[in-house]
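This report refers to the structure that appears directly beneath it.
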């Protein structure tokens, strides 16, 4: 006796197809979500000054360059010197997407380690470490020029003697009597004054009187 099998209705297969498609689409979305989310979830460090492994003169600060601005809360940078002591000076400052950590002055030569922890823009903490080497504080090169002179300093020139005062160096000028003989001899000055005061008229009158006296005397002698 032959058994006849009845084929399943076609409508049952059609009902299962949409469910299978939904499962496939859901799995694809899950795979896409897990693949994209880690790549774009958090910020990252893209550079630093000094760079990792660099050898530089003593810097005044350390800069961390991020892919996006960080948050101040939870952000800190610790810089250690060759002896392990911290050389950071004050808290780190934020300048856009750059974190700036000031350092102490006059850093000695040697290796330095930077340990940093930053709160990214989405609140996720980032951390890392790197090192650099300091060659020591830069020193100014001496200016090229003439070598210093070894000759002894020149002796100062003797001062010129002061000009003599005419009033003190010339006795005649300081003593009016010595310079003027007439003033020093009263008799001579009186005689000169008397002679100079007699006029020619007085001399002529005196001569006439003397002549008259002589004539009168002769007349008296003749009468007697």
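If you go along the chain as it appears here, the first residue is 1 and each next one adds 1.
Placed from the backbone N, Cα and C atoms, the Cβ positions cover glycine too.
Note that TrEMBL annotation is computational and uncurated.
As recorded in TrEMBL:
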DOMAIN    42-134  domain 'CopC'
COMPBIAS  137-148  compositional bias 'Low complexity'
REGION    137-197  region 'Disordered'
COMPBIAS  149-159  compositional bias 'Pro residues'
COMPBIAS  160-197  compositional bias 'Low complexity'
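The DSSP breakdown of the domain 'CopC' (42-134) into helical (H, G, I), extended (E, B) and coil residues amounts to 0 helix, 54 strand, 39 coil. Each residue in the domain 'CopC' (42-134) has a pLDDT score, and their mean in this model is 95.
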